[in-house]
Structure formats: C-alpha cells, structure tokens
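Here is what TrEMBL says about this protein:
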type: COMPBIAS; residues: 91-113; note: compositional bias 'Basic and acidic residues'
type: COMPBIAS; residues: 114-126; note: compositional bias 'Acidic residues'
type: COMPBIAS; residues: 134-145; note: compositional bias 'Acidic residues'
type: COMPBIAS; residues: 152-161; note: compositional bias 'Acidic residues'
type: COMPBIAS; residues: 162-173; note: compositional bias 'Basic and acidic residues'
type: COMPBIAS; residues: 392-401; note: compositional bias 'Basic residues'
type: REGION; residues: 71-183; note: region 'Disordered'
type: REGION; residues: 355-401; note: region 'Disordered'
type: TRANSMEM; residues: 328-349; note: transmembrane segment
Amino acid sequence: MFGPDKCGTTNKVHFILKHKNPKSGEYVEHHLKFPPSVPHDKLTHVYTAILKSDNELQILVDGEEKKKANFLASDDFEPPLVPAKTIPDPDDVKPEDWDERAKIPDPEAAKPEDWDEDAPLEIVDEDAVKPEGWLDDEPEEIDDPEATKPEDWDEEEDGEWEAPKTDNPKCEEAPGCGEWKKPMKRNPAYKGKWHAPLIDNPNYKGIWKPQDIPNPDYFELDQPDFEPIAAVGIEIWTMQDGILFDNILVAKDEKAAASIRDTTWKPKFDAEKAKQKAEEAATGTDGLAGFQKKVFELLYQAAELSFLSKHKDKIIELIEKAEKQPNITIGVLVSVVVVILTLFFRIIFGGKKAKVEKKPEPVAETSNKEGSSSGDEKKEETEAENEAAAPARRRQSRREN
C-alpha cells in the first residue's frame with residue numbers, strides 16, 4: 001500500500017509491503033519507518049515510489065525525494081523483512097535464586113537512639129506575636145452590598161437567595177482579619193522515617209533475560225519476493241467531500257514516469273498555485289500571509305529532519321495548531337523551535353547512517369490533492385483534494401446570581 005494518509009494527528013505517506021516468509025509461509029505486513037509527511041496545503045500533489053533492483057526504495061513528493069530506505073535494512077521497516085537470527089527463548093525462566101537488586105539495605109545498620117520517627121514535620125511557632133492592628137472581629141469576606149436578588153429568582157425552585165461574597169475592605173488596610181493563630185514552622189527535630197543505608201548487593205547477578213536461541217523463522221534474503229501485481233485500486237476512508245484522484249501509473253522506466261508527471265501534474269499544479277496567489281492578492285492577505293506561509297513551510301521541512309523522526313508527529317501537531325489558531329502562533333512557534341534545538345543538541349555527537357549508491361529500476365507514482373489514504377501493493381500515482389471540516393462550537397449557558 002502506498003499513498004498519503006492524513007487524519008487527525010496521523011500525517012504520513014504510507015508504504016506498506018506484504019511479504020511472504022518462505023520458512024513459515026505467513027504473509028507479514030512491513031511498514032516503512034519514519035515516512036515523509038503529506039504537504040500541508042490544498043493543492044494537487046503527486047506521490048512516487050521507486051523500487052530499485054539493489055533493494056533501495058525512494059519516496060518522492062512532487063518529484064522531490066523525501067525518503068530513502070533499503071528493503072533489507074533492519075532500521076527501515078517495522079518489522080524488518082529479514083527476521084533476527086536469534087530470539088529470546090520463550091521457555092527459559094528466571095532461576096528462583098536470581099537476585100536483580102544492585103543495592104540492598106545494610107543488614108548491620110541500626111536506627112540511632114535519638115531518631116524520633118514520630119516527630120512532626122512542622123510545629124507551632126511559639127515565638128510568633130500577633131501583628132499590631134489585627135482585626136479579630138472582622139471577617140475576611142462580607143456580603144456584597146451592591147448585589148441584588150434577580151427579579152426572576154424563585155425561592156421555591158432556586159432556594160433561599162444569598163448575596164455573593166466580596167473581600168472585606170477593612171482587611172485591606174489592616175494586617176489581617178479573623179481569629180489570629182500562631183503560624184507553623186519547620187520542626188528542627190524532624191527526621192522522618194528511618195531507613196537503613198544501601199550497600200552493594202553481594203549476590204547481585206544483573207538484570208535477568210532469557211537466553212537467545214536460533215530463530216526458527218529466520219531466512220536469508222537477497223531481494224524481496226515481489227509478487228506480480230494483479231490489480232491496482234484506491235483505498236479511501238473520509239468523512240468529507242472534495243477528494244479527487246487520477247493518473248495512477250505503474251511503470252518500469254523512471255524517466256518515462258517523470259515525463260508523465262511533468263506533462264500531467266505540473267501544469268495543473270502551476271495553475272492552482274497561480275490561482276491561489278491571485279486570490280490572496282485580491283483579499284489583501286498576500287503580504288503577512290505569504291510570510292507566515294514561508295515560516296510554516298520551513299517548520300514543516302524541519303520536522304522532516306532525520307534526527308526528529310521519532311518526534312515528528314508531535315511537532316507537526318504543534319505546527320498545525322499554530323496554523324489554525326493565529327492567537328497562539330508565536331507561542332507554538334517558540335515551542336517548536338525549542339524542541340528542535342533541544343533534540344539537536346542532544347544528538348549533536350551522534351553518528352550518521354552510511355548511504356550506498358544505487359541504480360534505477362521500477363517506478364510507482366501517486367498524485368493527491370491534500371491528504372487521505374490510498375493504496376497499491378507496490379506502486380501507484382493518485383490525486384486527492386481535502387478540506388478540513390471545522391468542528392461546531394459548543395454553546396454554553398450559565399445562570400448568574
């Protein structure tokens with residue numbers, strides 16, 4: 001299955017391969033890990049999957065590479081196409097005398113005689129003195145003298161009416177009102193519950209884990225077993241209208257596919273962009289809106305960085321909130337930038353995966369206008385158009401006294 005899927009917080013260009021395990025005969029779904037995102041606009045887009053003879057997979061969006069993976073790499077698909085050589089023994093059990101505690105309470109330690117576990121955390125400050133001018137007989141709050149009972153108040157239905165409370169103005173000028181009590185202070189004798197200090201456990205054996213055994217389902221693979229394509233179809237699940245698809249292409253020539261993309265999709269895309277720009281200019285929103293659009297485009301591009309892959313969904317969710325709610329845009333933008341910089345500095349000393357040069361092979365394309373999910377077992381080109389449905393605002397009511 002290949003194509004865009006945008007629903008709620010889900011935003012990805014799926015690539016799912018159903019591959020037969022030659023040992024078990026079972027078909028297993030293998031999902032591309034950290035797939036690219038669906039473009040965040042309402043224009044027509046084309047999605048391309050290129051499957052190469054050296055096991056490389058390329059995902060293009062509008063002809064631009066957004067993801068590169070290898071079918072046999074354990075880090076690129078979940079689960080990996082090639083199973084692990086060994087697996088934890090499901091019949092292995094932890095010995096009863098296996099001790100996983102690195103530290104234990106010192107059995108020879110004893111609680112000091114002067115240790116009082118019952119001493120409270122706080123005690124009354126006996127040295128405290130009531131401030132001069134304290135109003136003992138004045139309450140902190142009084143009935144609001146300006147409040148009046150509503151005309152439609154029904155005591156049988158609503159109960160006896162009481163004026164709402166307000167701060168006592170006399171207390172604002174005095175140190176305080178009401179009964180004065182000595183404050184509490186920290187108890188210098190407090191020590192809390194006594195615990196024996198920890199020492200190294202002489203019987204510590206480490207964290208137990210079952211021993212590895214040969215994986216009965218393991219097999220070696222030079223190339224995935226791509227079964228013949230019997231049919232091409234579109235899988236769509238949507239709760240809104242205005243989604244269009246066309247130009248599904250399955251080909252073996254990458255250049256031919258690119259040529260068809262340039263002659264069928266590109267003119268339509270350019271016309272849509274020109275129309276969008278004209279509409280923005282007519283409404284006078286092309287200035288600031290154009291700048292904001294550039295900012296969001298950069299943020300979406302930043303979300304595609306490899307070191308942010310594990311956090312991409314959360315980052316995109318924050319960016320989408322900023323787009324939909326201008327009043328929180330600045331706060332969200334700052335949050336996104338802070339998250340990206342934090343993650344960057346955490347892994348700045350990390351390594352990079354090696355890349356291998358590959359040669360071209362079969363191509364699949366999908367064009368779509370805004371996101372939804374579409375499918376083809378190996379490759380396809382679809383178009384879809386989506387409009388976000390604004391949720392209805394809940395009306396609230398309350399009775400004010």
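Numbering starts at 1 and runs along the chain as displayed.
Heads up, the Cβ atoms here are built off N, Cα and C, so glycines get one too.
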Should anything in the same chain at least six residues away from the compositional bias 'Acidic residues' (114-126) have a Cβ under 8 Å from its Cβ atoms, list it; otherwise answer none. 182-187, 189-194
Per DSSP, what is the residue count of the compositional bias 'Basic and acidic residues' (91-113) in each of helix, strand and coil? 0 helix, 4 strand, 19 coil
Based on DSSP, tally up the residues of the compositional bias 'Acidic residues' (152-161) by helix, strand and coil. 4 helix, 0 strand, 6 coil
